[in-house]
């Protein structure tokens, strides 16, 4: 029996050596960037803190340099860290790394829509969607009027709180929700509308769940975890409900479609579908249109809503910053005039605060994953086709050479010695290149106009001492999720 046990142990030992030897040969078959040696099957999972992957990537960059390789499950991942490496990948090699890396929790939508599309249609769908958004006012007068109108409704809702504590998640979030809803569907909602609140709840829950450790594990070990219970199932269910809503809106629009007079983005997409009805391989199917609308709806609501909410918490933490903003607003706009986007040219401090909020919170710290579309030589290394590429945005936003004391909230990061707004090329909160956020122009306008309107009419009041406000996100993964909080808004006049 003892001999048998020794024999089994030797066989296991030999098998282990053989597996490691084969794995080493596979691992070293490409001239990849350096990185920690991966274990078979598990890869480098033990080098990552699933509760804070961006921090783990920063530590690995300190050890292996600005370009390094990780293996997670069967995935080969190349991470770019720092301004030069990230800019080089996103701008100088934008075509080679324009693919969308695999995100298993959204596998159903990988070849549809805009955000998660890695199929042959994404370039054309993205290009056409961007042109429609521009036609409907992105960065122009049309969207400014939409935001100003919605700001008025938001101010009325804030007045109804009568200085009592409230959670800003959905109340403030209704403003960007209604702006993008008007662009997509020519529809706005009352702030207590059940459909509006339900959709925002789905957006909010998915943003949170996508940032949890379980989903970080699931997206890298999907083959082993897909059949287990977990929050990946909830995300898929929520995404399906959102898409069912956008599909219903598309079908509703189709019943009253007038090709000569499109009312909104949905109509424009449906008109393209009508043009392709005789095509053997149509690009604009009802399924693709519904996913495209869901992508725009989620991204156009949740990122701006979360940034505004985080911004309010930050301003309560730093009342001296809020006071300076009140002074600038009173001087440039006054108590009653409606803010306009061009006011930012005369309001460098507000412009700096809006940028610093986005820098400080680093909402999507590790970016969405890119993918190499072909074998590519990069800095002397070969990055094979299909490799997942992570251009870390937080490595730019928290670069201590560009932003001294990056862990501190300092509007001065975006002000020169004369108090004028100072642009930084490190500010890539919306990413860059082929996959840059299609709603960047809209989001910039919303953040400036909505935050300015709130502070024009109200003082912010925290329920706790500002020194006790915790700005740390409750979870960090896909995004940085702010802690829940309540506040009071006190009318200024």
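Indices start at 1 and increase along the chain as displayed.
Any Cβ shown, glycine's included, is placed from N, Cα and C.
Around residue 298 (substrate binding site), the same-chain residues six or more apart in sequence whose CB sits under 8 Å from its CB are 115, 203, 206, 242, listed in sequence order. Residues annotated as substrate binding site in Swiss-Prot, with similarity to another entry given as evidence: 298, 299, 300, 301, 302, 303.
The Cβ of residue 437 (heme binding site) has 18 neighbouring Cβ atoms from other residues within 10 Å, across all protein chains displayed. The heme binding site annotation in Swiss-Prot covers 437.
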Residue 437 (heme binding site) and residue 303 (substrate binding site), Cα-Cα, nearest whole angstrom: 11
For residue 303 (substrate binding site), the number of other Cβ atoms found within 10 Å of its own Cβ: 23
Least Cβ-crowded entry, counting other Cβ within 10 Å, from the binding-site residues listed as 299, 300, 301, 302: 299
Residue 437 (heme binding site) to residue 301 (substrate binding site) - Cα separation in whole Å: 13
